[in-house]
Amino acid sequence: MKVTCMMIVAVLFLTAWTFVTADDSISALEDLFAKAHDKMENSEASPLNERDCRALGEYCGLPYVHNSRCCSQLCGFICVPESP
């Protein structure tokens with residue numbers, strides 16, 4: 001019983017200590033999201049915009065739709081153009 005009470009008091013103390021000594025995390029997250037949004041407005045800031053894809057007629061592997069290896073995302077052992 002005494003050990004349980006001591007554990008509860010210790011957990012409460014450590015929880016309170018964490019909240020008292022923590023930085024203002026809400027404003028820190030807001031700043032982080034604002035910075036991320038500013039970077040995304042500049043399209044050249046994102047390395048995801050540069051795709052390394054294969055041109056039409058190049059080997060792409062197993063045939064399936066939405067193949068990220070092909071710029072057209074259509075693979076039939078070779079990259080094929082999208083149908084209109």
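Using the three backbone atoms N, Cα and C, a Cβ is placed for every residue, glycine included.
Listed in Swiss-Prot for this protein:
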- 1-22: signal peptide (SIGNAL)
- C53-C71: disulfide bond (DISULFID)
- C60-C75: disulfide bond (DISULFID)
- C70-C79: disulfide bond (DISULFID)
**Prompt:** If one measures from the C-alpha of C53 (disulfide bond) to the C-alpha of C75 (disulfide bond), what distance in angstrom results, rounded to a whole number?
**Reply:** 12
**Complete:** Per DSSP (three-state), C53 (disulfide bond) is coil
**Prompt:** What is the separation, in Å, between the Cα atoms of C70 (disulfide bond) and C60 (disulfide bond)?
**Reply:** 7
**Message:** A 10 Å Cβ contact count, applied to the disulfide-bonded residues C53, C60, C70, C75: which residue has the minimum?
**Reply:** C53
**Request:** Looking only at C-alpha atoms, tell me how far C71 (disulfide bond) is from C79 (disulfide bond), rounded to the nearest Å.
**Result:** 8
**Item:** Protein Cβ atoms within 10 Å of C71 (disulfide bond), excluding its own
**Value:** 16
**Fill in**
C79 (disulfide bond) and C60 (disulfide bond), compared by Cα position, are separated in whole Å by 6
